[in-house]
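S.K.: Mind looking over this structure? Questions follow.
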């Protein structure tokens, strides 16, 4: 098992590098001069050239990339040309905003999704299953910004019980944080619940029809125990995979939710930096996302081993 | 009449499908006394497995449904309790145990053998986890599994088919069921293991006075171990009686055909096999007359047009057949 | 069961349609706002009396992006400089409602072309928020510092040599060659910072704590989130009534408008016509003001220097210009709130030339001119433009109008980052550009219609005749502002009327919306982003 983990970690490091090289190349190909964009139309050509040199834009592409990697290795994540702030400080402000919305969404969505999926599977064909399947299908089809705007309209504008937008950090004012986070977390969680519920339902249906479930019933075990200890545990592997995929949504920051609810998080800064060709911010943002994604994948793989002894104990 | 452990009266189970109503079990009656070994034989699809699942009320409820009859176990009609009822769950495992055909898939692959055993034990007895584990170890030893304590920590996929079947037996043993139903207990195992498993079952039956219902198509197994045999065809019992009578003096054309079709071990291998011609009827479209008629080599004309024959007693103790004819066993068939 | 699901579906559709259809029947803004900072607004202390009351935090907001840089010499862009007045810094001069520079921190400013100087008299009694006085020495230091370090110094201070404080009130600015537009530049560049604060804490100190002459002092700014300002107790124009101002950044215009309606903010400024239109129609009580100075002139720029391009033909350019119905553009693209004009200033501006008629809409004339030029069957060309909604709609409308005279225009949207590469020159055809108007027409003409610039609109696309080039240079170095005005009017005539190098489609302005609870607030009424809130009070 440990050899397996080591191999996976090495591959993950390679993936992170590959992603950063790939993003760097794309940023280079995109038209637009970051220095000119930073200074505006009216700036003189000399000022722009000075900035270009300061940003290392006059050096060959490979050198630029290597300089960036060296900087990161030193812990120097560079400065944003547009925001004129050190990028690590910027990210330290923004990433928590995204995470404090996305992680609760995930923690709500995962158990809820599993429960909905299990109920659907156990009551298959009955009215409850039909309603739940209908709701999950509809939820998956609804674009998240539509849900966002609609919920703002209903709850903030018409009913006036929830705030219009905004974000307050939980360390700053926990009550306000919860109050402002209800709608964005709900909007992020809804499609997650739907996706997880569907996967759970499918896999549970398979699992319930397994022979060993019949044995468990024949042995008189209570139905609840059969569903959750035996059937669900066997169905968990693809379900965990789906949950792992949702983490990517959390980290990527659901830009659309951030836009609708005016949260200055990772998604927003990433896209605005792409638009303003603030290269280094994009590189750091992509680095953060790829590191977390890769870590999550690793955790999911390890969880496979924990759940299913066949994976853990067989020689790889 | 008095102390029958299990008495099944006129059990009917039908599957309601898009292709029609399939009468898998069409009114069968049988009984099991304490300490008896009763066999249900017949070819695949004759309804013998479904009948046992019906007794346990484990039939998949859509599309199957028990549509009639009584299942009286220790004086109580099980059909009066619901399939999901508390009483039924008490009975399953604790008083009637079932061992299935596929040992490879009948155990939960992600739980250790020990935890599965302990779970069932704790379900039916009020003991702590540690105590349940100990009982588990002892039960594994009782079914002749070497290194029982170590095996408890193994996962099913780490054990052979024979071992897994023993574990299934161990589960019923641990719960001290009064009746064990086994559905094709040895079909999935190789021959040497088959013998061992049957030995084990028989020993347990004798030691604990457990009744055993064996559902199988393996006539050899049945001959050696069963006290009484019921022969099923197309959802109905066509012949029943004590083993000796059935084997040496079969009276129903189907039983005769079955016994004749068993290959005989003789010096010359020149003889062809004697299968029963034809195929079993479509259970969704059963005729009104004798189901076996299309394949019966004997009474073709005489039985046509008559309603399905009831069981009637023929020579010997408790020997019943569902046939209008009186076919004697002249050929002295032996297995 | 199926019936039940169908009913559910219908219900869901009905609910969402009802929600989206959205009636605008609104409850009044007295609904309790959610933010904890709006304490000032819920108490309607003395509704009938109009005596100004001190205290309270003013909640304002909009999608004006918060400054990423509070370094006073690095603020760029006219709008950003105007915005800086909200959080601390003011300029020596400001634009009036007609776009002419007027003295603000100065008493007077006098040009002397012969001596190559501009002489300023500093107003008395102006103090910074740290208590230090604004003297001639401080003004001179600011000007010299900007020359050395200012982000736009090479664009606007290239002829400036140095500033000298000759006494406590007088500053003389020396130039290497004559700069008639210096007063315009002072409205959009040098933010006056406290020298005392600089002496104490250096540039970093001033970046951490901006100290200017403005009515408010920046307390805290979270990028892309909000900005909090405390009042400056020693503001030079008078006592500041508010305790402070809180500006919330809204990424989405619509949300900002909803926040205004809901009472979360009490003043908002909008550039987007759909929001402006919906708020103008709102029946809740708001003071609605159109900003006096226009923000952008949507201008068609022709590629006139390429002989192979039909646009190099003057008759073709004029024909296209005659084919544009500018009134229709204003009505449809700006909901009627935009402004028509023929040149890069409004009719109330000193540089406005009434001789420029700008080819008013006339399809017959257009077709005739096109035929005269030899293109009776029309031709195909390209339209280049920045890919923002307002511009895309404009380009589509223009293309449609051109098709009426047989010209097929191929639409080429350009994304924001690449756009800057197209300003100097484009492949062929027409670039539709948003020309900033706040800086004044003169400086725009001066930086565009000359032949030897390193960067500017159309530098590789416009065929600028030598006569025009000479005229602009002459105008730039006019000895007096009267002469400059005369000469630049001639430039306008050459550019728009005679040569038809560009065609102005329409101008945009912003609108400000202020709740009735806020009094005496000048919120972006003169210039986009410029707030005069020192007299404002809430009650």
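Using the three backbone atoms N, Cα and C, a Cβ is placed for every residue, glycine included.
Marked as domain 'ABC transmembrane type-1' by TrEMBL: A:95-300. For A:9-30, A:99-119, A:131-157, A:177-197, A:235-257, A:279-307, the entry in TrEMBL reads transmembrane segment.
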S.K.: Quick test of the contact rule: Cβ under 8 Å, at least six residues beyond the ends. What residues does that give for the transmembrane segment (A:279-307)?
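M.R.: Contacts of the transmembrane segment (A:279-307) (Cβ under 8 Å, skipping residues fewer than 6 from its ends): 1, 4-5, 8-9, 12, 15-16, 19-20, 23-24, 27, 34, 55, 68, 72, 77-83, 87-88, 90-91, 95, 233, 236-237, 240-241, 243-244, 247-248, 251-252, 266, 269-270, 273.
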S.K.: Counting only CB pairs under 8 A, let me know which of A:9-30, A:131-157, A:177-197, A:235-257 has the most with the transmembrane segment (A:99-119).
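M.R.: Ranking A:9-30, A:131-157, A:177-197, A:235-257 by Cβ pairs under 8 Å to the transmembrane segment (A:99-119) puts A:177-197 first.
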S.K.: Mind pulling out the one from A:9-30, A:131-157, A:235-257 with the most Cβ pairs under 8 angstroms to the transmembrane segment (A:177-197)?
M.R.: A:131-157
S.K.: Within the same chain, where does the transmembrane segment (A:9-30) have neighbours whose Cβ lies under 8 angstroms from its own Cβ atoms, ignoring anything closer than 6 residues to its ends? I mean 6 or more beyond.
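M.R.: Result: 61, 64-65, 68-69, 274, 277, 279, 282-283, 286-287, 290-291, 294-295, 297-298.
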